[in-house]
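Contents: one structure, followed by commentary.
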Amino acid sequence: MADQRQRSLSTSGESLYHVLGLDKNATSDDIKKSYRKLALKYHPDKNPDNPEAADKFKEINNAHAILTDATKRNIYDKYGSLGLYVAEQFGEENVNTYFVLSSWWAKALFVFCGLLTCCYCCCCLCCCFNCCCGKCKPKAPEGEETEFYVSPEDLEAQLQSDEREATDTPIVIQPASATETTQLTADSHPSYHTDGFN
C-alpha cells in the first residue's frame, strides 16, 4: 500500500461521476439513488472480510459528499479534483482567482509589465520615493496651496509665540482649591436619587 503511486489531480472532473456510475449531467436525485444503491452494496458491515469493499465505500462517500454540495460540484465540474484541492487550500471563493492568475496570459502580462518598468523599479520609485526623491514630483494645480512639512520644534515655537501674543493681561488670581465636597457649579444642589430613581 505504501509503494502505491499517489493519485494525481485531474482537471476533467469526471472520475467522481464514474465512481457513482453516472454521467456528468446527472441530477441530484440520480446521485442520491446511485449512492444508496452502491453504499448498501459495498458497506463494510455487509462485507467484513473484504478490505477492497471498505476502500470502495470510502470513495463512494467522498464522491457523494462532493457531488451533493452545489458549490463543490460546480468547482469540480469546472476544474476537476485540482479545483477541489485549490478550494481546500485557498477557500472556495478564491478558486476562480487562482486559475485566472495561474493562466499563461496572466503570467505573460506580469513578465511584460516587469520588463516594461525595469523589473518594477519605476513603480517603486514613483510610489515609494515620490519620483526621484521628490525632484520630479508633479506640480500642484494653480490656485491650490502646496502642502509642506513643518517640524515639531517649529510648530511648538509657533504655538508658544501665539499664546504670548494672545494673552495681554496676566492672570493674578489663583483658582480655589477643590475637595471632595466642592460642587462643580455653585448654583446646583446635590441630589442622590435614593427615592426610586426620580
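Note: Cβ is positioned from N, Cα and C throughout, glycine not excepted.
Annotated features in Swiss-Prot:
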type    : residues : note
MOD_RES : SER8     : phosphoserine
MOD_RES : SER10    : phosphoserine
MOD_RES : SER12    : phosphoserine
DOMAIN  : 13-82    : domain 'J'
MOD_RES : SER15    : phosphoserine
MOD_RES : TYR17    : phosphotyrosine
MOD_RES : LYS56    : N6-acetyllysine
MOD_RES : SER151   : phosphoserine
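Distribution of Swiss-Prot features across the structure.
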{"residue": "SER15", "record": "phosphoserine", "DSSP class": "helix"}
{"residue": "LYS56", "record": "N6-acetyllysine", "DSSP class": "helix"}
{"residue": "SER151", "record": "phosphoserine", "DSSP class": "coil"}
*asked:* Just to be sure I understand the packing, how many Cβ atoms besides its own are within 10 Å of the Cβ of SER15 (phosphoserine)?
replied: 14
_Just to confirm my parser: what is the rounded mean pLDDT across the domain 'J' (13-82)?_
90
*Starting from the Cβ of the residue listed as 'N6-acetyllysine', draw a 10 Å sphere and report how many other Cβ atoms land inside it.*
19
*Tell me the Cβ contacts of SER151 (phosphoserine) under 8 Å, same chain only and six or more apart in sequence, or just say none.*
none
*If you count Cβ atoms within 10 Å of the Cβ of TYR17 (phosphotyrosine), leaving out that atom itself, what do you get?*
20
